[in-house]
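Under the heading active site, proton acceptor, Swiss-Prot lists ASP145, citing sequence analysis as support. Under the heading ATP binding site, Swiss-Prot lists LEU21, GLY22, THR23, GLY24, GLY25, PHE26, GLY27, HIS28, VAL29, LYS44. Per Swiss-Prot, domain 'Protein kinase' is recorded for 15-301, and the stated evidence type is sequence analysis. Per Swiss-Prot, region 'Leucine-zipper' is recorded for 456-477. The region 'NEMO-binding' annotation in Swiss-Prot covers 741-746, and the record cites similarity to another entry as its basis.
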Amino acid sequence: MEKPPFRQNQVCGSWVMKERLGTGGFGHVYLYQNQETSEKIAVKLCRLELNSKNKDRWSRGIQIMKKLKHLNVVTAKDVPEEMMHIALNDLPLLAMEYCSKGDLRKLLSKPENCCGLKESEVLSLLNDVGSGIQYLHENKIIHRDLKPENIVLQEINGKLVHKIIDLGYAKDLDQGSLCTSFVGTLQYLAPELFEGKSYTVTVDFWSFGTMIFECCCGFRPFLHNLQPVQWTSKVRNKGPKDIMAVEDMNGEVRFSTHLPYPNNLSRTLLEPLEGLLQLMLKWDPVQRGLGLNTDSKQPQCFVLLDQILSMKVVHILNMTTTQVHSFLLSPDEGLHSLQQRIENETKIELLNQDLLQETGVMSDPRKPAAQCVLDGVRGWDSYIVYLFDKSLTKYMGPLTARTLPESVNFIVRETKTQLPLSTLKKVWGEAVSYICGLREDYSRLFQGQRAAMLSLLRFNTNLTRYKNMMFSFSQQLKAKLDFFKTSIQYDLEKYSDQMQYGISSEKMLKAWHENEERAAAFAQVAEIGHLDEEIMALHSEIVELQRSPYARRQGDVMEQLQEKAIELYKQLKAKCKMPDPQHGYSDSSEMVKVIVQTVQNQDRVLRDLYAHLSKILLSKQKIIDLFPKIERTLECIKEADTTVMQMQIKRQREFWHLLKIACAQNTTRSSVSQSGEMPSSLSTWNQTQAQCSSRLPMSLQVPHEGDSVNHLLEENQRYLTQLTSLLQETTEEKSESIMAQDWSWTKYESLVAKSPRL
C-alpha cells in the first residue's frame, strides 16, 4: 500500500483508503472501502494545477460521465460527503465503481500472454469494448485515449466484463499540450493527432484496432520498439490493407496484411479479424472504418465486428491426430452436412465419426449442427467437440505436433549463440508461449480422454439396464416354464388315470407331449449365464479403467516446466532494464533446456494418455458388440414367452372343450332319465356296463331294475347341480384375462382339496 500524498486522509468517516490503484496524467486513483457496508469505490483526485479551460472540461466531464449508463463504460458514483475535504484543489472528485480484476495491461503483461490472449478473451474484448465505443459515439463522445490501461475488468455473474475508463475530457489536444496530456500513451494515438489536424470518431477506430492487434499477437502492430515520432514517418506510406510493420535485421521495414504467428486464433476467425483490422488501421482518417453502412447507419467496421461476433463456429478436436478443426456454420445447418465437411477435412468417413461433447454425450443426428455450439460461449479454447474414429480402437498417430515458431527453432538449433537482450526478450516470449501451448494441448487431449470415459460410462449404464431387463425376462420365462412343465406333467398323469373309462383324444395327447418337449427346449433360451459372465467381466474392466492412475491428469511436470520458463522470462525482462552493458547479450541454453524437457515430457504423457484411451475405446467397442447379442437374446426370450403362453392358452381351451363335452353328456343323461328314452350310444354304453357288471363280484355289481333307475337319477341330479355351480362360477370370471386368473386351482393339491365336492 502506497503512502497517501499530503493533505489526503486515509480515513474519511466510515470510508478507509486501501491502496492507490493508478496514476494518470492529471491525477491519482485510490481505492476506498466502507467499513460498515464493505462497499468499494475508486476515487480520482486531480493533482495538477490546471488552467481555467481544463478545469471547466474536468468538471463538465464528470457531469457527463454521471449521465452515462452502459455495461461497458465504468459507472460514476456520488462522492460520499465524508470525502469532500480530501480534494487537493478546488476541483471536484470523481467517484467510480471499483473493478477488482485490474486492467487490460495487467492481463497482457502476464508472460503466458506474451504472444496474445486466448481466442475467447479476444472475442470478449471485441464484444465489450466495441459496444462501449459505439455507445460513447452515439452520445457524441470521442474517447481519444483508448489503451489497455484504460480498459478495466470486472467479474459479473462469473463472467469477465471489460469497461472503458478515463474518458479524456480534461485533455487539451492542441499541439503545445500534447506531450504533457498523453505521457506514456502516444503509441495508441491516431496519426492525425500528431499532426495537429482536426479529428473525428475515427481516432478511436485506430486506437481500438491497435489494441485488438496487441491482444491477438502480444505486441503493437507498427514498429512497436520505436517511439511514435520515429515509426509514423516510416509507416505513413503503408498500403491500405497493411496491418503490421516490422524491421528486419538490415533495418528495412516490411509490411504485412496478415496477423503474424504465433497467435491463439482459429483459422475461421483469422481472416475476418484481419479484414476488421484492415478497416480500423487505415492511415487516412476519412477512409478509416469505411464510412457508414447505408442500412444500419453504423460505421462499416462495426458492421463487420457484429458479423464476427454473430458467427457460429464449431471447433472439433480430432483425437486421432490432435489437430483442431474449425467450421463456420450456416443458418439451420444439419449435423449430416457438418459431418460431410468433417469427412472432407479429416478423411474420417461419416459413418465412423463419433462426435462427443465434454460430458460424453453423443451428438444427435436429428438435431441441427448448432448443438455443437454453446450459446454465449465463444472461442475454441472455451468449448470444443471431440472427434473419434469408430473404426479404430487404438490410435497410433501420426499426431500433429504444435508448430515451433521460427525464432524459437533458431535458438534450439543455435543454443550458444549470443543475441541482444531486446531480441531475446521477444524470442523467449514466444518460447514461453510455445511451452504453455504444449501444456494446454495436453489438457485438451486429457479432456477428450475424459469425454471418452464418460461416454463409456453412459454405454455401461445402458448395458446394465439391458442386462437387468434380460435377467428379469429370463426369470419370468423360467417361472412360466416351470409352471407349464409341472402343469402338463400333472395333466398327463391324470389323463392316463381316466383315459380307460373317461374321455380320450390321441390328437390332444400327442399335442401335449409335443408341448412338453418344446417347453424343455425353451429352457435353454432362458439360460443367459454366458452373457452375464461377459457383462460382469466388462464391468470389472471399466472399474479398473476408472482406478487407473492414467485416468487422472498427468501434467504436473509440464506445469513445473512452464513455471520455470516463465521465471526465466521474468529474469530476462529484469536484465533488459539494467543499464550495465555487460548484460546486453546472452545465449538461450537455459530456455532451450526447458523447451526440450517439456517436449520430451509431453511425448511421455501423451503415450500414456493414448494407451489408456485405447483401452477405453476397446471396452466401449465390446459393449457395442454385446448389444446385438443381448437384443437377439431378448427377442428369443420374448418369442419363447409368447409361445409358452400360447401353448398354455391352447391347453386352457382344450380343458374347456372337455368340460363342454362332459356337460353335454350329463345333460343328455338327465334328459333320457326324464323321458324314459335312451340314445343308442347310451344304450350301447349301458349294455356294455351290464356285461361288465355280470363279470364283477357280487359286492360290486350294479343294482337291478327299479333300485338302479332311482339310484341313477339321484346321482345324475347331484352331478348336474355340481356342474351348474361350476359353470356359474366360470361365467362370473369370464371377464378376467387368462393371465390375471389364479392358476393355483390346476395344481394337484387344489384338485385334492376340491375332490369331495365332485
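Backbone N, Cα and C define each Cβ position, glycine as well.
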Output, ordered by sequence, the same-chain residues six or more apart from LEU21 (ATP binding site) with a CB under 8 Å from its CB, or 'none'.
VAL29, TYR30, LEU31, ALA42
Just the number: how many Å between the Cα atoms of ASP145 (active site, proton acceptor) and THR23 (ATP binding site)?
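Between the alpha carbons of ASP145 (active site, proton acceptor) and THR23 (ATP binding site) there are 15 Å.
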For THR23 (ATP binding site), what is the tally of other C-beta atoms lying within 10 angstroms of its C-beta?
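Its Cβ shell of radius 10 Å holds 12 other Cβ atoms.
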Where does GLY27 (ATP binding site) sit by DSSP, helix, strand or coil?
strand
Tell me, what is the mean pLDDT of the domain 'Protein kinase' (15-301)?
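It averages 87.
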List the helix, strand and coil residue totals of the region 'Leucine-zipper' (456-477) as derived from DSSP.
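So the counts come to 22 helix, 0 strand, 0 coil.
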Among all protein chains shown, how many Cβ atoms are found within 10 Å of the Cβ of VAL29 (ATP binding site), not counting that one?
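The answer is 19 other Cβ atoms.
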